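First comes the structure, then the notes that go with it.
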Amino acid sequence: MTCTIVVGGQWGDEGKGKIISYLCKKDNPSIIARGGVGPNAGHTVEVDGEKYGIRMVPTGFPNVNAKLAVGAGVLTDPEVLLKEIQMLEKFNVGERMLVDYRCGIIEETHKELDKSNEHLSKEIGSTGTGCGPANVDRAMRTLKQGKDIESISKYMGDVSKAVNEALEAGDNVLIEGTQGSLLSLFYGSYPYVTSKDTNAASFAADVGVGPTKIDEVVAVFKSYPTRVGEGPFPTEMSVEEAESLGVVEYGTVTGRRRRVGYFDHELAKKVCRLNGATQIAITCLDKYDTECYGITEYEKLSEKGKAFIKEVEEKVGVKVTLISTGPELGQTIDVRK
């Protein structure tokens, strides 16, 4: 029995979707539970060459044997949830979906307010998905809950009960975090942050799991960090430099171009300390050095690639156990014992 939490180590867009999908296939958890803010964070999962952009359904959906759960702490947009369930019909997502009846519900008014608020949309760079305004209503105790919405009633249940019973039965459980630690309302670059905490302890609380039940915390870092929206970015490079390196990306939810920077070891160390990370996953090593593309054995990495991994381990103080060398699940180096 292992309960693992996957967290983003930067400003989101670290490639958590790929790492989560890999862990779900390799470790075969019986439940994949999603924590985090809500549909403001997008994950891209590639299965057999086909890409799926999702915001509500857990990214471990390719594991067709696992139950998929959305915790009570996660804001839910019924429209987005139902569209994704339909889009992923061939993975039998609808039959495996469990949404906590206590989850907060995003309504159209929340999205309208998010988009029309100049401070949120222009100064902060909100995604406009209604999460901030919905969390305001939640704090005021006026927000609707999942149990109040007829259109998603068939998916309602007690996620905390299901997850804890799975752990008691000796099953593996994976908890998905969203966004990134540096976007935390408490520990990020305030006010350029999201509307709640985005660290491991909060993700555990989102799905109703106590801290003593957590065995592993995997912090995911991209070889070159990216950020969408406003806010400090200490190692940011120019657009021209990013283009010369072939690093041009756009946000899954917003479609906005991502800002690009160099790996920041000090920030990574801070994030690992904050989350109690037990291991690190590095993604896009093939973008840092194209010679690493598709490599599946550590010994076969280029010297440049190995040096990057070694420097991360030495300066951050946490073992790198997973290395992504391409978009496909099989393009992964796994050095876990």
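Glycine is no exception: its Cβ is also placed from the backbone N, Cα and C atoms.
Swiss-Prot annotations:
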BINDING   12-18, 42-44, R258, 284-286, 324-326  GTP binding site
ACT_SITE  D13  active site, proton acceptor
BINDING   D13, E14, G15, K16, N40, A41, G42, H43, T127, R141, Q179, T194, R256  IMP binding site
BINDING   D13, G42  Mg(2+) binding site
ACT_SITE  H43  active site, proton donor
BINDING   T252, V253, T254, G255, R256, R257, R258  substrate binding site
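Among the recorded positions N40, H43, T127, G255, R256, the ones whose Cα sits within 10 Å of the Cα of G15 (GTP binding site) are H43, in sequence order. Across the structure, G42 (IMP binding site) and R258 (substrate binding site) place their CA atoms 13 angstrom apart. Among the residues D13, E14, G15, K16, N40, A41, G42, H43, T127, R141, Q179, T194, R256 said to bind IMP, no two Cα atoms are farther apart than 34 Å. Shown are the binding-site residues G12, G15, G42, G255; the one with the most C-beta atoms within 10 angstroms of its own C-beta is G12. Cα distances from N40 (IMP binding site) to the binding-site residues K18, G255, R257 are smallest for G255. Checked against Q179 (IMP binding site), the binding-site residues G12, T44, G255 differ in C-alpha distance, with G12 being the nearest. For the recorded site, T44 (GTP binding site), the DSSP three-state label reads strand.
When the recorded positions K18, H43, R256, R258 are compared by the number of other C-beta atoms lying within 10 angstroms of their own C-beta, R256 comes out lowest. Secondary structure at R257 (substrate binding site), taken from DSSP and collapsed to helix, strand or coil, is strand. Annotation: D13 are the recorded positions among D13, T127, G255, R257, R258 whose CA atoms are within 10 angstroms of the CA of T44 (GTP binding site).
The Cβ of T44 has fewer other Cβ atoms within 10 Å than any other of the recorded positions D13, T44, T127, L285, T325.
If you take the Cα of T127 (IMP binding site) and the Cα of the residue listed as 'active site, proton donor', they are about 14 angstrom apart, rounded to a whole number.
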